[in-house]
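Undergrad: There's a structure below that I have some questions on.
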Amino acid sequence: MEFNISNGMKTTLEITVGKEDTARSYGSGAVDVFATPAMIALMENTAKSVVDEYLQEDFTTVGIAISTNHIKATPIGMKVKCEATVEKVDGKKIEFKVIAWDEVGKIGEGCHTRYIINVEKFMSKLK
């Protein structure tokens, strides 16, 4: 099956850091700043959003790899933007460059890989 996904496709998502997004809430740290797991979730969601509209109804993508650096802390109440760009498409495997910024500057960057799946077939393998 062919998917109309190509290098250079990108999108940006934005959130406002809430208490639920903090390291303390995630259990990944003891301070009330934007958690690394929350940043990674935003990166994954942004990458997923790039390709969602190009997939048939029975298909989605799942994350299979991520390598990221969280380089700066962000306080509660600050906005964070994430941009994901398709870097490589190899059949059903899609590699993305992901970058996150808060209102002051870059806070994280990395590479994320997603794989296109048929939802029904994927879920049937779990039974």
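Every residue gets a Cβ built from N, Cα and C, even glycine.
OK, TrEMBL features for this one:
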type	residues	note
DOMAIN	17-120	domain 'Fluoroacetyl-CoA-specific thioesterase-like'
ACT_SITE	Thr36	active site
ACT_SITE	Glu44	active site
BINDING	Gly63	CoA binding site
BINDING	Gly63, Arg114	substrate binding site
ACT_SITE	His70	active site
Undergrad: Using a 10 Å radius around each Cβ and all protein chains in view, which of these recorded positions has the most neighbours: Thr36, Glu44, Gly63, His70, Arg114?
TA: Arg114
Undergrad: Mind checking how the domain 'Fluoroacetyl-CoA-specific thioesterase-like' (17-120) divides into helix, strand and coil residues in DSSP?
TA: 28 helix, 51 strand, 25 coil
Undergrad: Among Thr36, His70, Arg114, these being the recorded positions, pick the one whose CA is nearest to that of Gly63 (CoA binding site).
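TA: With Cα distances computed to Gly63 (CoA binding site), the winner among Thr36, His70, Arg114 is Arg114.
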Undergrad: When the Cα of His70 (active site) is compared with the Cα of each of the recorded positions Thr36, Glu44, Arg114, which one is closest?
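TA: If we rank Thr36, Glu44, Arg114 by Cα distance to His70 (active site), first place goes to Thr36.
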Undergrad: Do you know offhand how many angstrom separate Arg114 (substrate binding site) and Glu44 (active site) by C-alpha?
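TA: Given the Cα positions, Arg114 (substrate binding site) is 9 Å from Glu44 (active site).
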Undergrad: Restricting to the domain 'Fluoroacetyl-CoA-specific thioesterase-like' (17-120), what is the model's mean pLDDT?
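TA: A mean pLDDT of 98 is what the model gives the domain 'Fluoroacetyl-CoA-specific thioesterase-like' (17-120).
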Undergrad: How long is the line from the C-alpha of Thr36 (active site) to the C-alpha of Glu44 (active site), rounded to the nearest angstrom?
TA: 12
